[in-house]
Amino acid sequence: MNPYALSMLMSSLAMGTIITLSSSHWFLAWMGLEINTLAIIPLMTKMHHPRATESATKYFLTQAMASALLLFSAAMNAWVTGEWTIMNMNSYTPTTILTIALAIKLGIAPFHLWLPDVLQGLDMMTCLILSTWQKLAPMALLILTSHQLNANLLTLMALASAIIGGWGALNQTQMRKIMAYSSIAHLSWMTLVVSFAPGLALLNLTIYLMMTSSMFMMLMTLNATNMNKLSISWLKTPTLAASMMAGLLSLGGLPPLSGFLPKWLILQEMTKHHLGVLSTVMALSALLSLFFYLRLSYMISMTSPPNISNANLAWRKKNNPSLINPILVVLSTMLMPITPMLLM
């Protein structure tokens, strides 16, 4: 892609998110979301492949429907209250429609079906943008309006996302689909706690962004799009393979890695609100996700492919020194020591 066109599209992505984050008026927030959607579609279709075109079409249709619902809920709320401000959503019907619109935008179950198919047709860099940056604006709106949304509906969506996110990835071999279901499972924890403690949802989002970014950057370095390619990566880049194993276990939420921190604090918060059964179901559903993360860790660290060459050593990748990946790996695996500070 032409670098000038790429810089313009990336600037539009940043501008759309910033407009939504800084707006207090529904029309401005909607405009930022629309700029975001329109800026990423050319990035999706830059591969000139029928699968990429299909992904872009699916993404455009779902996001257009979500934007229409969001604008409809804002207009209905303005009809009832006479205001367009984001913080003033008091009616039951507009808040329910808004919850559904944001769930479609984020890919929360039961409105998740577009996410795995869309990610599977894209290159890794666009998948990274779609899984991280594109979550910021809808999640900001969800956190801003969390005290006005229907808590029961959010809880049901969170339970469905946790179960579907874990179950859906069990029989997948493509890394992009596995990361899509991982995104659905992580969003379930944010959706669950956003009504009770928006600060914890923000912490979970931050750690999710760091873990997912580091994972996609490692997959791009290894050029691994499926589990078979992942299993031979330790021959080429042993250090990166070890880092990826730690990152996968962190995504699964194993202590003492960073991924355990938000899950632990969220379960603690839910227990404080006397929601023990719900906490138990969420913890058990996290085991489904943990299974496929462990399977990937096993593939990357404990399996050796059949060696058909006479050489003892495989070709090693050239080292391209970049500080971003090591920093992200460290942050996505070693944040547990700051827990006492967060608890204070």
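From the backbone N, Cα and C atoms, a Cβ is placed for every residue, glycine too.
Annotated features in TrEMBL:
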type	residues	note
DOMAIN	23-288	domain 'NADH:quinone oxidoreductase/Mrp antiporter transmembrane'
TRANSMEM	59-80	transmembrane segment
TRANSMEM	92-115	transmembrane segment
TRANSMEM	151-171	transmembrane segment
TRANSMEM	178-197	transmembrane segment
TRANSMEM	203-222	transmembrane segment
TRANSMEM	234-254	transmembrane segment
TRANSMEM	274-294	transmembrane segment
DOMAIN	290-343	domain 'NADH dehydrogenase subunit 2 C-terminal'
TRANSMEM	323-343	transmembrane segment
Highest-contact recorded stretch vs the transmembrane segment (274-294), from 59-80, 178-197, 203-222, CB pairs under 8 Å:
178-197
Thinking of Cβ pairs under 8 Å, which stretch from 59-80, 92-115, 178-197, 323-343 has the most of them with the transmembrane segment (234-254)?
323-343
Looking at the stretches 92-115, 178-197, 323-343, which one shares the most CB pairs under 8 Å with the transmembrane segment (59-80)?
92-115
